[in-house]
Structure formats: structure tokens, C-alpha cells
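The structure appears right after this line, and notes come after that.
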Amino acid sequence: MLDERTEKPSHIRKIIHVDMDAFFAAVEQRDHPELMGQPVVVGGDPASRGVVATCSYEARSFGIHSAMTASRARVLCPQAVFVRPKMDAYRAASQQVMRILRSYTHLVEPLSLDEAFLDVTAATTDGTLAVQIAKEIRARIERETGLTASAGVSYNKALAKLASDWRKPNGLLVIPPDRGLTFLAPLHVSKLHGVGPATVERLSKMGIHTVLDLRNTPQETLTRRFGKTGLWFYEVARGIDLRPVQPHRERKSVGYERTFQENLSDRTVMLNTLQEMAGQVSRRLHELELTGRTVSVKARFGDFQTVTRAHTVAQPIWRAEEISACLPELFAKAVPPGLPVPASVRLLGVTVSSCADAKVNSSDSGQLSLLDEIMHYQLAQLS
Ligand code: TTP
Ligand code: MG
Ligand code: MG
């Protein structure tokens, strides 16, 4: 590609990030027109231990959001309509959206059912503007699926993703190269890819709150504190993100987790439950034709403290008995015998990651590596 003014090769990429608005809830409203304009909460049962998967924007104005307990959502908005997830309908809508995206470029990288990155650098060499493509994509999604999407256009993934979030719902934002640094400066660090609650806390203790603070921190300080991730922080704070759009990126993990109606305190029951989950994970891996090398067990205690323990095996596995073989040891590490009685368990999960080096970090669990698959199963289980 040639730069118009200099006739020299230009290496500036054109990346679009598309993310559906209130995805599960929007599908429900489309399919049940009486729900249009209503606060709709998609998730588990508010009468038991259900969790909110998402909710319509009408419900968000009451303070409801993803991952909150459904019972809390009902307190915030008693008139909300609670619906159980219908994954088949969401998968079908997702496929329709991904087909539309792939009609513009084969460089489409889905991140979850409702979002994807597109690299349209090649598609714009004829003078078409990336923003024009983004507008057309939004219009086509709305026309062909009856759902709205927001889009962000920029010169790398990190900024395109921030841009799509900026004007939600049903919005579009372009961040051109000369606006990147100004856009980033005032943002809270938690907006950055890879910065979860534990990292926010560590950065905050170093006096780093905004991206500008991060930009003003020496590279050496960041790498000393955060290793390779520190280098990522250094670069992304400067609007540098060289990650390519990878159309065939592997799903990184498949997991199953469950919140119990009543906390568990019997270790035998816990281990049996994990073994059952290993069976579910195995079936899903088989369906997706995936194998993995890292098995992890997650436990959330009565006080909401959450631990994850992982084990990596030499050869890729998918069979239930292979996954199960890792469980007793992982379980003993996650939930050590002899914990006091209040340390009962409210959630258990089993995950197999297909990347040998998938990082499972006990504090910022999985913020870089987990795709939606895990949450979906949690909800399927609750419904
Ligand atoms: P998001 O794109 O994060 O959220 P959203 O599409 O509902 O709302 P918006 O993008 O407008 O802010 O997630 C996409 C879907 O994934 C969401 O509709 C439901 C599901 N999901 C869960 O099941 N659990 C979760 O914790 C989150 C965040 C999403
Ligand atoms: Mg969305
Ligand atoms: Mg999304």
C-alpha cells in the first residue's frame, strides 16, 4: 500500500471492531416484540443463585449489569422481565453477523459470539474509507438481523475496541492515528486490554490511575513489576499495539462452571461435581474438535474469594478420564482439606485451555485468555 502524499509504503493498518449491543437481550427483544422498550434481564433464576448474563439498556439505567446476581437485579428493578438464555438463538444470530463481516474481508477474528475485529487495510487500497465500511456493516447488520451493533475504527486493535465501546449503543467512532494519544490519555487503566481488578490495584498503589500516568512511568519500572505484561502496558499507553487480526485464532479455553443453590461443604460432593464437569468439558471439546494441555479448577468460597489452580500435561488431551485424572490434585490445592467450616464453596469450575502456554493467573483470573464459552455454560447450567 502506498501513502498518498509520499508514495512510500504506508504501514498504517485500518482495523474495525464490531460489537453487538446488549446482544442476548436484544435477540430476546427482537424475538418477543412485547419486550421492546422494557427492562429485560437475561440470565439465571433470581429466585435461586442465577447470574445476569446481560440486560437491555432500559435495565442498565437501574444499575443492572452482567455478572451481578439475578436476585440483586430484581431488587434494583422489580418490574424487569427475567428470561433464561436461549443459546441456539444467539449462536444463529452470531453466525449471521460473522457472515456479513466476512463479506468485507477474510481477516475477521471473532472474540466471542457478539464481537470481532476486521483488518480492512487491503479493502481500503482502492480509496474506500474504513469508516465507510464500518457504516455499511452497521446498516447491513441492522437490516439483515434486526439487531444493532456498535463499531470502532482505528489503526490497531486496542484503539478500535475502545472506540466501539465509546458510543454504545448503536454508535460509531473513528480514532485516526493523530488522535490516538489524546484519546487514550484520560482513560482509566482498567479500560486497557489485560488490566483486571488485581492489576488496577497494583497500578493504583504505584500512583498510576490513567493511561497518561502509565505513559509517564519508565519502561524499566513497568517491566520490573509486571514482566512481559509491563512492556505491553508501556506500548499500549503510547497507542502501540502490533497484534495482528488472526482469522484462525484458536479458541483458547473451554470451561464449565456452576454456582450452587446452596454452598457445598462436603469434599466428596465437590470432587464428584468437578468430575461431572470434566465430562461436560470433554464433550464440548470433542464437538469443537479441540484439545488442550492445561486443566484448571476454580473455586469461589462463601466470602467470594476465588482461587484458580492449573496443571499442564505433556500431551494434548480432551477425554473425560484424562481431564479427571488431574482433578484430585488440583482440587486439593484449590480447596485445601481442613479449611474452617465457613469456607464453604459457592462455585466450582473446570477449564481446559488449548494453548500450552495459556496463562492461568489466580488473581486476575483469565482476563487475557478466556472466551465467553465458560460463562455460557454457567448460564446453560442455571437455566
Ligand atoms: P458483551 O458484548 O460484553 O455485552 P452486551 O452485548 O450484552 O452489551 P454491550 O456490548 O452493548 O455492552 O457480551 C456479549 C454477550 O455475552 C452478552 O449479551 C451476554 C454474554 N455475556 C455473559 O454471558 N456473561 C458476561 O459476564 C458478559 C460480560 C457477557
Ligand atoms: Mg456486546
Ligand atoms: Mg462483546
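Even glycines carry a Cβ here, placed using N, Cα and C.
Listed in TrEMBL:
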type	residues	note
DOMAIN	15-196	domain 'UmuC'
BINDING	Asp19, Asp114	Mg(2+) binding site
SITE	Phe24	site 'Substrate discrimination'
ACT_SITE	Glu115	active site
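In this structure, Asp114, Glu115 are the recorded positions from Phe24, Asp114, Glu115 whose C-beta falls under 6 Å of some atom of ligand 3. DSSP assigns Phe24 (site 'Substrate discrimination') to a helix in the three-state reduction. Straight-line distance linking the Cα atoms of the residue listed as 'active site' and Asp19 (Mg(2+) binding site), rounded to a whole number, equals 4 Å. Applying an 8 A CB threshold to same-chain residues 6+ apart, the list for Phe24 (site 'Substrate discrimination') reads Val42, Ala53, Thr54, Pro85, Tyr90. The 6 Å Cβ screen around ligand 2 retains Asp19, Asp114 from the recorded positions Asp19, Phe24, Asp114, ordered by sequence position. Ranking the recorded positions Asp19, Asp114, Glu115 by the number of CB atoms within 10 A of their own CB puts Asp114 at the top.
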